[in-house]
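So that you can see what the record holds, here are the features copied from TrEMBL:
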type     : residues : note
TRANSMEM : 6-29     : transmembrane segment
DOMAIN   : 13-96    : domain 'Prepilin peptidase A24 N-terminal'
TRANSMEM : 78-96    : transmembrane segment
DOMAIN   : 107-215  : domain 'Prepilin type IV endopeptidase peptidase'
TRANSMEM : 186-217  : transmembrane segment
TRANSMEM : 229-248  : transmembrane segment
Amino acid sequence: MTPDAAFPVLATLLGLILGSFYNVCIARYESGLSILRPRSHCPLCGRTLGPLELVPVLSWLWQRGRCKGCGERISLKYPLVELLSGLWALLLAIQFGPGWEWLGHMILGGMLLVASGIDLDNFILPDRLTLSGFPLALGFAVLRPDLALSDATWGAVAGAGAFKLIQVSYKFLRGVDGLGTGDVKLMLLIGAWLGWQLVPMAVLVGSVAALPVGILYALRSKRTGQPAIVPYGPFLSLGAMACVLYGGELLRLLTP
């Protein structure tokens, strides 16, 4: 197997391993624990996990989604995050091959995966991810052949500015918050990552993906009487990642 042919396989394996690390970051955000210590453990009984229990995806399948110690169910979100990370690494490898572009997109996409997981669990997008990702995205633009730094800068301004305007307008008209400040900061990162040309497409893809979920949440809210709160961050992240991979094709599809 040639090095170029082997790269997608190696990238996928690395993505799966990183997905396991992303799970640690997501799970330990709310508790405030360090991502380095203590060692990985069952979130239910606290038992330290052995090496074979840390194999991405396969250990969850082998244990049938249960802890070997207490027998309680382990959330499906753990293997899903690992699979998504592996898939992201694979698709990037196919699209860009080995090099700086693959690495830069891998890092920024990983930050969005972690931010999305935290948003789903806690309805918050941490500044340490969104605001630190913004200068990384700008720096990455300097190395990219397909995005000028000026386009990345205007993308950040357009993305964050538009969402801030929506946030303020909704608050003024309805008297309640309809869009979190975390989403505004997330668009700062996404805009710098994609450039102004792809920001509308990312929002469109994310909104279309969020629509059926929002309908389901609204129906459940009507039945239970509880407010329907849909975290928007994961869908914006999905739109951004789709545009990184297939932005040109999406634009051509919707452009007459």
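Keep in mind that glycine also has a Cβ here, set from the backbone N, Cα and C atoms.
Unlike curated entries, TrEMBL annotations are predicted automatically.
Here the domain 'Prepilin peptidase A24 N-terminal' (13-96) has, by DSSP, the following mix of helix, strand and coil residues: 48 helix, 4 strand, 32 coil. With DSSP states grouped into helix (H, G, I), strand (E, B) and coil, the domain 'Prepilin type IV endopeptidase peptidase' (107-215) comes out at 90 helix, 0 strand, 19 coil.
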